[in-house]
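Colleague: As annotated by TrEMBL, domain 'J' applies to 349-419. Marked as repeat 'TPR' by TrEMBL: 178-211, 224-257, 262-295, 296-329. What TrEMBL lists as transmembrane segment is 15-32.
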Amino acid sequence: KITLKSKIKKKKGELFFFLYIYIYIYIYIYIFCPKIQICQMHKCSQHSFGCFKLYVTNPYRSVPQGHMREGKCHLLLGNAMAATRCFQKVQELEPESSQAQQELKNAESILEFERLAEISFEKRDFRMVVFCMDRALESASACHRFKVLKAECLALLGRYPEAQSVASDILRMDSTNGDALYVRGLCLYYEDCIDKAVQFFVQALRMAPDHEKARLACRNAKALKAKKEEGNKAFKEGSFEEAYDLYSEALTIDPNNIKTNAKLYCNRATVGSKLNKLEQAIEDCTKAIKLDETYIKAYLRRAQCYMDTEQYEEAVRDYEKVYQTEKTKEHKNLLKNAQLELKKSKRKDYYKVLGVDKNATEDEIKKAYRKRALMHHPDRHSGASAEVQKEEEKKFKEVGEAFTVLSDPKKKSRYDSGHDLEDDDMNMDFDANNIFKAFFGGPGGFSFEGNSCKADLLFTSHNHLLIPCSDCTINH
């Protein structure tokens with residue numbers, strides 16, 4: 001079915017076809033029939049789409065006009081050297097021609113922009129190349145070579161929609177342009193659409209078998225896809241070490257492929273977390289985010305690693321970034337959980353004070369308190385320096401406070417939920433000595449001074465554990 005859009009494309013193609021025919025006929029006539037000059041192009045009144053007729057008139061017209069028109073044609077196509085020769089001919093014939101002087105400056109500017117672009121491309125300063133090509137295209141608007149170079153640099157800068165637009169414009173005029181096909185494939189390749197990219201690279205090689213860039217890009221695309229799939233397969237099979245190595249190998253194939261490499265870093269971070277390489281996993285996620293700041297999965301993976309390493313402030317920051325981007329219920333819950341853990345981390349960690357796990361049983365908590373209370377009791381350190389005595393007394397009080405909270409089911413539950421016990425009107429006044437006496441001495445109490453025991457308590461020299469006398473009924 002022939003649509004209006006296809007008709008317009010056809011007419012545009014015919015327009016450019018006749019334009020090129022005009023240029024080459026003119027050059028042929030000028031070289032082989034120097035006395036005949038082409039006057040001008042008149043828009044054909046018989047065709048509304050704008051084809052052109054060539055009129056050969058007045059063989060005695062001045063020769064400079066022919067040189068000027070030929071130079072303009074060369075300039076339009078980006079052939080600055082050929083254009084320069086034409087404008088110099090005009091200057092020889094008409095030294096006072098201001099138009100020739102201006103056109104000669106334009107040709108020299110194009111040559112300078114070409115030179116700067118070549119140097120900048122070697123230095124990988126792609127922004128400068130784009131700038132130079134934009135300036136050159138102001139005078140050489142029909143030069144496909146300049147447009148392709150600009151499109152390639154736009155792709156290397158990650159400006160894929162702009163690069164695709166330039167390449168597509170060229171392909172609409174010349175569907176067999178191997179350079180434009182290569183740029184289209186390059187954009188798809190860098191956007192991680194590897195299968196489609198390979199198709200364009202193959203098509204470019206059909207049009208231009210010696211296109212080295214297309215050949216290299218096609219090889220890299222196939223190698224990258226294969227290595228990534230191998231890594232994914234190893235991960236699914238539980239071969240984490242193998243998967244880690246495969247992802248690492250894939251990352252060396254093409255450093256310029258930003259999006260694919262961001263995914264590879266994130267995949268390697270996932271494997272690293274499985275291997276308990278949490279710091280390495282965080283580093284890989286950071287590299288992925290540096291390559292692609294919009295990569296939500298990398299933020300989520302890094303936030304989970306921060307949670308696992310108890311870096312709660314960093315985790316909250318990442319979850320906030322995710323929730324600002326995608327306000328889903330899941331992301332909201334993750335953020336709230338991280339904020340709760342951050343709040344809890346800023347309180348005293350009673351589990352660490354007693355040296356027990358968060359899932360410790362009541363007996364384990366009692367056993368831990370018994371050990372820590374005896375270890376830090378001030379009477380045990382009566383012979384130490386004032387500084388040591390003060391530190392041990394502080395620890396003794398913290399042990400009593402931790403035991404009071406964790407041995408009370410209600411307080412423990414509120415504490416585990418992240419609530420502030422003081423704000424909940426719970427009694428948080430602690431007397432470490434009373435707690436100690438209640439735990440060890442029962443009704444009669446307990447003292448290191450021997451008031452409750454008929455003999456002094458002794459400490460072994462190797463492990464510092466209390467050993468009561470035979471008459472002491474305390475069950476250590």
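Glycine residues also receive a Cβ, built from the backbone N, Cα and C atoms like all the rest.
Please treat TrEMBL annotations as automatic predictions, because they have not gone through curation.
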Colleague: Average the pLDDT scores across the repeat 'TPR' (262-295) and report the rounded value.
Modeller: 95
Colleague: Sort out the residues at least 6 away from either end of the repeat 'TPR' (262-295), same chain, that have Cβ-Cβ distances under 8 Å to it, and list them.
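Modeller: Sequence-remote neighbours of the repeat 'TPR' (262-295) are 192, 228, 231-232, 235, 240-241, 243-244, 247-248, 250-251, 301-302, 304-306, 308-309, 325.
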Colleague: Taking a Cβ cut-off under 8 Å, which residues six or more beyond the ends of the repeat 'TPR' (178-211) line up next to it in the same chain?
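Modeller: Answer is 144-145, 148, 151-152, 155, 158, 160, 163-164, 166-168, 170-171, 217-218, 220-222, 224-225, 256-260, 263.
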